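Asker: My questions will all concern the structure given below.
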Amino acid sequence: MTIELRVLRPSEWDDWFGKLLLAFGGVEEPQEERELWGSLTEHERSIGAWDGDDCVGTAGAFSFGVSVPGGAMVPAAGVTMVSVAATHRRRGVLTSMMRRQLDDVRRWGEPLAVLTASEPEIYGRFGYGIATQQMSAQIDTVRGRITAPQGADAVRLRFAEVADVAAECEAVYVRGIGSRPGMLARKPGWERLPLLDPPAERDGASPMQCVVAEREGEIVGFVRFHNKPEWEAGGPSGTIRLRHIEALDPVTYAVLWRFLFDIDLTVRVVVRNRPVDDPLLHLVNDVRKLEVRVRDGLFVRLVDLGAALEARTYRTPVDVVFDVDDAFCPWNAGRWRLTGDSKGASCKRTEDDVDLALSVRELGAAYLGGVSLAALAGAGRVRELRQGALAEASSAFISDVAPWLPHGF
Ligand SMILES: CC(=O)SCCNC(=O)CCNC(=O)[C@H](O)C(C)(C)COP(=O)(O)OP(=O)(O)OC[C@H]1O[C@@H](n2cnc3c(N)ncnc32)[C@H](O)[C@@H]1OP(=O)(O)O
């Protein structure tokens, strides 16, 4: 079997995307969604694997900037739409696409590649580490309560048409990007993603509703949600499915959550993706009523290790020599001296004695400040060769704000 890898031609997109859907089970996407992905696909950064005339593999890469500790936006390839036909699996097609793609990303000069995984086990072998987590919750809003915060009277809530306030809501969202590692700067067009609301995916719930929070007539926060009314013998038991909540200040945030808790005829709020340090955890009267679960979010792969580690800042001063194992991208392998603090950093090749030994996967996991090197050492994935180096590096890498990816791609 000879499989040819080549850059996607725009005329091949329909077939290519169809094969991707087939690999995910063959369910057609709603037209609105398909069109959006079609317009967002960067053909020149996407590859197809071909067995003769048959497309048997797909892999794309969006152009993103990733927010990192210190607030910089680091250019990154957003790896996406990865699939191999069921007829061609476990013969190395994915491996060959990952090889080609990481070489491309290096050539494009992007220090990072990032992705979200269909299954977390797939990408570690290619040097990706789990760098962010996301929290889901199924909140009992009958027994759970939020008290009105001081200053709540200055915030006015009103229903608005989703489309009418889309630009103002996007502006509120964008203002938060630099302050939380893991969030993405994206090209124009992506603002349409959170507005997708295909009827086929509502499962008996309402079309997306939007409530905006205003201070002196200006939008400072919003929620978008679906309401799914249900009735049981004992009375109403509706569900609010929260899609988005954003606010520019803590009082507005609390007011919006309080609104969600208080919607008549509903007994729960379900939310799929919030940061693990969401203030909600501290706003409720009883944290157990949130029924929280945590799972993997954004995977990070350092493609240009030196440039990536220099692009972020460090919470406390650090001066350590890493010995890095990177079999898949050998240009990163070997010894690097990282020196840095909250103002900047340098990461250069060195022959000095090693302080910490680890693979590029651990550095990817720790990169956004959400996973501690000490915790990875606890799992045997980082080895300390100079006493004190682990504590020094671990506290330097950690971020005060948990890194988070608010949406898929
Ligand atoms: C960023 C994203 O787009 S995530 C979406 C990923 N796509 C999907 O989940 C769609 C359904 N699945 C598929 O299309 C395919 O099974 C893929 C893409 C996951 C794997 O493609 P393949 O061509 O079979 O992978 P390949 O043969 O290169 O396997 C490489 C290695 O990964 C392992 N591997 C592959 N898939 C998986 C998996 N789902 N879970 C665990 N290990 C896996 C293989 O066993 C192999 O291991 P080895 O190197 O120790 O032998």
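Including glycine, each Cβ sits where the backbone N, Cα and C put it.
TrEMBL feature annotations, pasted as is:
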type: ACT_SITE; residues: Y123; note: active site, proton donor
type: ACT_SITE; residues: F409; note: active site, proton acceptor
type: BINDING; residues: V82, S83, V84, R90, R91, G92, V93, L94, T95, S118, E119; note: acetyl-CoA binding site
type: DOMAIN; residues: 3-149; note: domain 'N-acetyltransferase'
Asker: What whole-number Å value do you get for the CA-CA distance of F409 (active site, proton acceptor) and V82 (acetyl-CoA binding site)?
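Answerer: V82 (acetyl-CoA binding site) has its Cα 11 Å from the Cα of F409 (active site, proton acceptor).
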Asker: Non-local Cβ contacts of V82 (acetyl-CoA binding site) (under 8 Å, 6 or more apart, same chain)?
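Answerer: Set apart from V82 (acetyl-CoA binding site) by at least 6 residues yet with Cβ under 8 Å, we have T58, A59, G60, L94, M97, L115.
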Asker: Quick one: which of the recorded positions (V93, Y123, F409) have their CB closer than 6 Å to ligand 1?
Answerer: V93
Asker: At the Cα level, what's the spacing in Å between V84 (acetyl-CoA binding site) and Y123 (active site, proton donor), rounded?
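Answerer: Spelling it out, the Cα of V84 (acetyl-CoA binding site) and the Cα of Y123 (active site, proton donor) are 14 Å apart.
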Asker: Tell me the coarse DSSP state (helix, strand, coil) of V84 (acetyl-CoA binding site).
Answerer: strand
Asker: Just give the helix, strand and coil counts over the domain 'N-acetyltransferase' (3-149), going by DSSP.
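Answerer: Split by secondary structure, the domain 'N-acetyltransferase' (3-149) comes out as 49 helix, 50 strand, 48 coil.
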Asker: Determine the mean pLDDT over the domain 'N-acetyltransferase' (3-149), rounding to the nearest whole number.
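Answerer: 97, rounded to a whole number.
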Asker: Which one is it: of the binding-site residues R91, V93, T95, whose Cα lies the shortest distance from the Cα of the residue listed as 'active site, proton donor'?
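Answerer: Result: the closest of the binding-site residues to the residue listed as 'active site, proton donor' is T95.
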Asker: Counting Cβ neighbours within 10 Å across all chains shown, tell me which of the active-site residues Y123, F409 comes out on top.
Answerer: Y123
